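One structure is given here, and the rest of the page talks about it.
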Amino acid sequence: MPVIVQDYSWTQSETMINISVPLKGMKPGKVDIFATDEYLKVSFPPFLFEVFLFKPIDDDKSVAKIGNGVVIFSLHKKNEGLWEQLSLKNDDKDKLKEIRERAVLKAQEKSEADLKAKATRKQEEKKYALESMMKLEDEERARIKRIKEEEREKVTVEMEAWKIKQKQEVEKETAQRMQMIMDEEHKQRKPDATSVSRSAEHKAKVKQGCQNKSIKPKQVTLPAPRCSGNIKVKFTPRVFPTALRESRVAEEEEWLKKQAEARRASSTDAPEFSDLKEEERNPDWLKEKGNKLFATGNYLAAVSAYNLAIQLNRNIPALYSNRAACHLKLRNLHKAVEDSSKALTLLMPAVPDNAAARLKAHLRRGTAFCELELYAEGLQDYQSALKIDPHNEAVQADAEKIRQIIQGSLAGPSDFQEEHVRH
């Protein structure tokens, strides 16, 4: 039998009832509170507090708080006025049992109504999210169609301009040919005039030469010639496209060293390579084979090719990144995360030469995290990708979708850009 709590206290005003129930040292986690408009119960075994209220209260506005070893009820009266007492004084057990059962039934009905309202609200949210996605897709299709139309009009204008230019060039060339023909005919018709004019020109030149001989030339003082010399110009040898003053030399040298070690670290002694030809025992050849299989949609075969290449050389980051893309297609999401992380480790230090590879690895790992509903981790990878390529509109759009999912404004997982998993 439970021990009934008798040492509670209560106060009232015209609109409120305040009840304080001591918890006898019990932890808040072990306290069970049940309340309706005419019945209160606090159970914390072996103790029990139960009240059949003198008048009904507003259950929706009333609250109960647990703290400092007591439960405090703040009850709003349905009708203003002072109560003569807190609980009903009735020895009729059947009536009290009826009130208790009625309270339980009301609580069940309220719980069912809350569940229905919650389900309805969730369905409306899903419907709204679907309509929003459809609207976004329609806008995207309209934008693509508009861009295509603009490009088509641009190409048409350029083609017409090219045609006009070609026509003008042909007309100009034709006019030049006609002019040459007419000049040739003119020369053939007047040979005497031409010879006379040439003789006159020769006589004029001879006469001018004789006049020049009779004039004494003026003496001009010229400066001494400059001394000859050589200026040596040296250019710093650079593997990377950036200037030396803008580069991080130590990190770039470390990256080149790792690349060279990756190319040298190759082993073909495993039994899996006994059936391969000599030229096929090459990680680069196997990587290209895997890329072709991926392009044809044979993802399992592509994974096998990358596996053999990794056995030959475990230090080539592209092998892990491409295998992660295959795992994404095959829905092996944890393996995709693992391979992308390995690729990012091998792509350190971060230099401009490996920026594109790091971008792909971050996007593939971020996509895998989001498919696993680990949106916070996925958003971190998308933000890292945007640091590498801040102007990538597709990555910006996907990052915004992930933020909306985390904030709760977009329900459920979203579809991300397909090109993130391509090689």
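Note: Cβ is positioned from N, Cα and C throughout, glycine not excepted.
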*Looking at the ranges 76-98, 260-282, which is given as region 'Disordered' in TrEMBL?*
260-282
*asked:* Restricting to the repeat 'TPR' (359-392), what is the model's mean pLDDT?
replied: 93
_Counting only residues 6 or more past its boundaries, what in the same chain has a CB within less than 8 Å of a CB in the repeat 'TPR' (359-392)?_
317, 321, 324-325, 327-328, 331, 333-334, 336-337, 340-341, 343-344, 347, 398-399, 402-403, 405-406, 413-414, 416, 420-421
